[in-house]
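Peer 1: Before anything else, here's the structure in question.
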């Protein structure tokens, strides 16, 4: 007899679907409504509990409701040995979709994502929060009618960069250890400078080039220790010029990265300028905002291919049947 695992008497736990910056994530079901949910579990005994902070950040971001691109917290509490948080179940991550599409995205898809990603970070920053773990795994697509919306998740490493009431900025510091994912973190993060708004935006720039190029020059570097690997990534990132990184792609991508790298610690980024860079390029390329992403086309193509294969199989079976029927017609 299988035991049904429940959370808060409202949610049923299903299969594991991933891991976050801290803890594991499971698919679940709202028992009352039947709606699918995501359930994040973290051991109570963990050295640095993060789930309570993360739930608090989600609640700050969702205050007032009706927020686009931020999942809702449906429950947060302690269940036995685990801290638990239940949020809306979303679609696949941009990393998953990047892999699904052959590990390269078109300019059109990248530009449709870019504007939404910048808008999400702009909103997070407007609530006095920086994310500090910008990577394709932490941007997810919605489901159903919201399937074209980009969501930002995983606030396990997030931090307030200013007082929400007075807007007093946190002080500049050096000698900080690396927080985030080395592949996408800013050069200033590598050299130990306290993170601020500029660093989240620089990370988005690296994600966009990763999508267009298929990889980044500092991927796959070998090292004996994590610290040595971080140092090698930092060195390659600093010695690869923006122009080299963005070569053969529209100038707007180099302009984006040069702008984010030019910002000072407390600067408020000009998000409108950054979104406009990509929106104007999108229009100039003759694209339309139809939300037909590369994965939309690939799914249609794969479905058509499957349909053709099924059709061919049916035709072959029909021909074989006709052949056997003709054999039956001949007298022995």
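For all residues, glycine too, the Cβ spot is worked out from N, Cα and C.
From Swiss-Prot, for reference:
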- 11-282: domain 'Protein kinase' (DOMAIN)
- 17, 18, 19, 20, 21, 22, 23, 24, 25, 40: ATP binding site (BINDING)
- 133: active site, proton acceptor (ACT_SITE)
- 306-332: region 'Disordered' (REGION)
- 311-320: compositional bias 'Low complexity' (COMPBIAS)
- 322-332: compositional bias 'Basic and acidic residues' (COMPBIAS)
Peer 1: Which Cβ among the binding-site residues (17, 25) has the fewest C-beta neighbours inside 10 Å?
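Peer 2: Looking at the binding-site residues 17, 25, the Cβ with the fewest others within 10 Å is that of 17.
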Peer 1: Around the Cβ of residue 23 (ATP binding site), how many other Cβ atoms lie within 10 Å? Please give the count over every shown protein chain.
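Peer 2: The answer is 20 other Cβ atoms.
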Peer 1: Taking only the Cα atoms, work out how far residue 17 (ATP binding site) lies from residue 133 (active site, proton acceptor), in Å, as a whole number.
Peer 2: 19
Peer 1: Based on DSSP, name the secondary structure state of residue 133 (active site, proton acceptor): helix, strand or coil.
Peer 2: coil
Peer 1: Can you tell me the mean pLDDT for the domain 'Protein kinase' (11-282)?
Peer 2: 96
Peer 1: Which residues, sitting 6 or more apart from residue 19 (ATP binding site) on the same chain, put a CB under 8 Å from its CB?
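Peer 2: Long-range Cβ contacts: 25.
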Peer 1: The residue listed as 'active site, proton acceptor' has how many other Cβ neighbours within 10 Å of its own Cβ?
Peer 2: 22
Peer 1: What's the CA-CA gap between residue 23 (ATP binding site) and the residue listed as 'active site, proton acceptor' in angstrom, rounded?
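Peer 2: Taking the Cα atoms only, residue 23 (ATP binding site) lies 15 Å from the residue listed as 'active site, proton acceptor'.
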